[in-house]
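What TrEMBL records for this protein:
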{"type": "BINDING", "residues": "27, 77, 159, 163", "note": "Mn(2+) binding site"}
{"type": "DOMAIN", "residues": "2-84", "note": "domain 'Manganese/iron superoxide dismutase N-terminal'"}
{"type": "DOMAIN", "residues": "94-192", "note": "domain 'Manganese/iron superoxide dismutase C-terminal'"}
Ligand SMILES: [Fe+2]
């Protein structure tokens with residue numbers, strides 16, 4: 001199979017009280033699994049079978065919408081689990097902080113703009129911190145889209161589909177986004193992705 005469902009990098013209850021065990025059970029075991037299974041079915045017999053997730057995301061964009069939806073969501077969720085950790089948030093590593101200060105007007109402005117991107121994404125989608133043309137940029141995308149198909153490289157993303165927060169926060173998407181940035185972000189994974197960008 002081309003796509004495989006990764007295990008969560010922590011226990012299902014490890015992100016409480018900011019993200020519940022029930023949310024992670026549904027989100028990882030049902031939603032992410034469905035993207036993996038549907039994506040694999042759609043890949044069967046196609047020339048993209050066996051390619052990397054990134055290659056499939058880019059190659060299917062604008063050409064094969066059902067495959068793109070599932071491949072995009074698979075890529076997004078692989079990283080989403082790693083973009084969080086227990087006792088996350090806190091101080092931003094110096095290498096990222098410097099870039100945030102020069103490209104995005106400082107840490108507080110970055111946090112406010114990132115949360116606002118998530119609030120402003122109408123319906124399902126994602127808010128991002130990405131690198132485009134060598135500079136950090138805040139982006140938002142609908143559904144399964146991500147910065148890879150907009151000439152950018154994502155280094156942090158937050159899922160704003162209702163399945164990501166409705167059990168814990170009901171309709172309070174802003175509270176979920178604030179908890180994500182202040183208490184859940186795994187800055188080490190962000191730093192690792194930033195180090196791999198061009
Ligand atoms: Fe999701």
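Heads up, the Cβ atoms here are built off N, Cα and C, so glycines get one too.
Mapped onto this structure are the features recorded in TrEMBL.
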residue : record              : Cβ neighbours (10 Å)
27      : Mn(2+) binding site : 23
77      : Mn(2+) binding site : 23
159     : Mn(2+) binding site : 22
163     : Mn(2+) binding site : 14
Exercise for the section: With DSSP as the yardstick, break the domain 'Manganese/iron superoxide dismutase N-terminal' (2-84) down into helix, strand and coil residue counts. Expected result: 49 helix, 1 strand, 33 coil
Fill in the blank from the handout: Same-chain neighbours of the Mn(2+) site, Cβ within 8 Å of the mean position of the Cβ atoms of 27, 77, 159, 163 and not counting those residues, run in sequence order as 28, 31, 32, 80, 161, 164
Handout entry: Three-state composition of the domain 'Manganese/iron superoxide dismutase C-terminal' (94-192), taking helix and strand from DSSP
Key = 54 helix, 24 strand, 21 coil
